[in-house]
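If you check TrEMBL, you get these features:
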TRANSMEM  128-152  transmembrane segment
TRANSMEM  164-181  transmembrane segment
TRANSMEM  193-217  transmembrane segment
TRANSMEM  261-278  transmembrane segment
TRANSMEM  290-311  transmembrane segment
TRANSMEM  323-342  transmembrane segment
TRANSMEM  363-387  transmembrane segment
TRANSMEM  457-477  transmembrane segment
TRANSMEM  483-502  transmembrane segment
TRANSMEM  543-561  transmembrane segment
TRANSMEM  573-593  transmembrane segment
DOMAIN    636-686  domain 'Cationic amino acid transporter C-terminal'
TRANSMEM  661-680  transmembrane segment
Amino acid sequence: MTEQQHSSPTDSLLNQHQPLEYYTSTATSNNNTKSPKKITRNHSANSLGALALPPSLSYTNLHTLHPRFTTTKPVNIAKKRRDGSQSPGSPFLRKPIWLAKNSSSHLTEEPTDGGSGENQHLHRHLTLFDLISIGVGSTVGSGIFVLCGLIARNYSGPATCISWLISGAAACCSGLCYAELGSIFPTAGSSYAYAYVTMGELPAVVAAACLTLEYVFSASAVARSWGDKIVEYYLQEHPDNDGTQGYVMQVLLQPGGTNGHVNPMAFLISALSVLLLLNGVKESKFVTNLFTGIKLVLICFLCIAGLLLFNASNITPFIPVQFGLPGILRGATSSFFGYIGYDEICCLAGEATNPSYNLPRAILYSLGIVTALYVMAAFVLTGMVPYEEISPTSGFPDAFRYRGWEVAAQISALGEIITLPLVVLVTIMAQPRLQYAMSIDGLLPPIFSSVDKSGNLWYGTLFSGTLMVVIATVVPFTYLDDLISAGILVAFSMTDASVLLLRHQQVLIKEEVEETEYHFEDDDDEDDEEVAMSMKDFIYMHGLEIMLVFFHILSFIQGLILGKSMNTTHGKAFSIMIGLILLSLVYGISRYCSSSSSSSGSKTILHGEGVVNDTVNDSSRSNNLRDYDVIGKEQFQTPFVPYLPLAGIFANFYLIAQLEIFGLCLLVLYIGCAVVYYFVYGAKHSVGNNHGWGSNGVVVGGGGCHHLHSG
């Protein structure tokens, strides 16, 4: 591909200007004069009234995000990034927003790390219907066939449908955040891509590690669960009358007995899913749409048949006395995990057609459809039989048998076995796209970004699929379920926080600032790398991050208290105290940082990481500068910011606090391994930290915008 084909409107705009060293070095090149270099706002330069600098190098990026903050020591910013306290391997370097917004942002003009030079484009072929099929197909599974019965029997009784509504509302808190970020950044990677823009490279790797738990490990768990269901179905339908059952079990279904680790049926379904994905995206898409349709038809059959057997006396009283409100909330905690999977839509954003329009709609439609199915199924199941008689492992089949409908029982049991493999297929489909995004950024080897002529990520699919097959076949999930759940919830919380970091900027910049001074002196000064920053300036610049860190920690502590210590006086007192602190943090976040969302008559223009608020008429906006808008009129916006994202964070960490301590320790160890991997491989091969992005090699990092040479 030629350089022209790679160049974007942003690249062409950058090519019109000098590199950053030009602006930093000319201040000191004239006879070593130590007079300050003044950079002024030039309203005649363009319709935006921006500085007479390249947009991504505006004054808001040059280490002075606050108007009061000026450098009193000589600073060569380009040199500081290379030689100073911020090393080229900065783990918190952030990807420029304009680059992540660009639909081709995962393309580089040169192969990274000696890449093969193969086509790195992902074909956009997934329509709105395809995305909804993926969202519903990856989400609806054990929630209908297992969780409805479990929650009705043990926690909520007939009020199980209320538990599903509560957990659906909690899932929507994160779902709406995914919808906004998916609309703004229509690229592969999901939470990884969002964390890279708002938090930095290392947090992005942590997010990717958590997503891998959802895609690879979760798919393996579903495959193993399917294998166990095959064994249960065989034992139920083929009693050992002729002595053949033992042979089939030992050789084909359960070698090693009940204590054996090898699951041949899990190997079969996971291997078939990988082979289908390797065969091509069109075939995988067809199978996904087909089996999602079959699954919806099956659930509709269960609900209609259940309504025919509905008995109002079975739902009276609607909220059993022994359960009450605590039981409903406990049921909501368990049912929340039935909503996991919709976020895979965002990981496939790089292949979605018209992503800014289709992605948020696909997420919201998927959540709406799934919630409606869960509520209806729960209501029908508890109306068919008394909740005390509902099976916690096989709700609908046993309920139909209880009412004497054996054919319906057989259909529901077989339907679960037939449709559950779809979850395996769709879940593992997302992992190669995540690996693709990381490989393009240099955080994984180049082979993972190799795309064949048909648009398939063949090598990435082979690697992740093989890993899934091995885990599903030989690893028991007795101790891994909590690890997977905790990792997914951490990824959800990082997405919620990304919306806040994007929409509520760290620094308030007055719209009518006319000029900003930078003082440059001789580079030979021994203190030329120092920048005067008071504690007040530091808090002013990083207050949002500080408050979010405390909010996450206190949400987890509050979850521990609410789940395990509310029966004691001390527990109630601590809960009230932490609740008040959390409310004060919510107030501080809502008042401390200005929102970057567009208001009537004004737009927020992002240059790299910095923000310049300018009142601009759409008619006078340059088309080349539309890439810098955070949220346009055509893009979805999360409502009730910051309250809704903060509610999502609290709900996620409340659920994390309910998990077993062993699973949480495994998560800490797992994330620690991801951090080690980053410093061993990722930081050394990162495109942003070692080569730079864009044709001019512009890199935007934790403190500003820097220009690096790959040499």
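Residue 1 is the first one shown; counting continues down the chain.
Cβ atoms are placed via backbone N, Cα and C, with glycine included.
Just so you know, TrEMBL annotations are computer predictions that nobody has curated.
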Fill in the blank from the handout: Given 193-217, 261-278, 363-387, 457-477, the one sharing the most C-beta pairs under 8 Å with the transmembrane segment (164-181) is 363-387
Handout entry: the transmembrane segment (261-278) in contact with the transmembrane segment (128-152), cutoff 8 A, at least 3 CB pairs, sep 6+
Key = no
Problem - Residues from the same chain, set at least six apart from the ends of the transmembrane segment (128-152), whose C-beta lies under 8 A from its own - result: 158, 160, 163, 222, 225, 285, 288-289, 291-293, 295-296, 299, 302, 331, 334-335, 337-342, 344-345, 348, 352-353, 357-359, 361-363, 365-367, 369-370, 373-374, 377-378, 381-382, 387, 390-396, 398-399, 412, 416, 419-420, 422-423, 426-427, 429
Fill in the blank from the handout: When counting C-beta pairs under 8 angstroms to the transmembrane segment (290-311), the leading stretch of 323-342, 363-387, 483-502, 543-561 is 363-387
Completion exercise
Long-range CB partners for the transmembrane segment (483-502) (under 8 A, at least six residues beyond its ends), listed in sequence order, are 97, 173-174, 177-178, 180-181, 184, 190-191, 194-195, 197-199, 203, 206-207, 209-211, 213-214, 217-218, 221, 337, 340, 343, 544-545, 548, 552, 589, 596, 630, 638, 641-642, 645-646, 648-649, 652-653, 655-656, 659, 663-664, 666-667, 670
Problem - Distal contacts, the transmembrane segment (323-342) - CB-CB under 8 A, six or more residues away - result: 135, 138-139, 141-143, 147, 150-151, 155-157, 159-160, 162-164, 166-168, 170-171, 175, 178, 214, 218, 363, 366-367, 370-371, 374, 423, 426-427, 485, 488, 651, 654-655, 658
Fill in the blank from the handout: Taking DSSP helix as H, G and I and strand as E and B, the domain 'Cationic amino acid transporter C-terminal' (636-686) has 40 helix, 0 strand, 11 coil
Problem - Confidence summary for the domain 'Cationic amino acid transporter C-terminal' (636-686), mean pLDDT rounded - result: 93
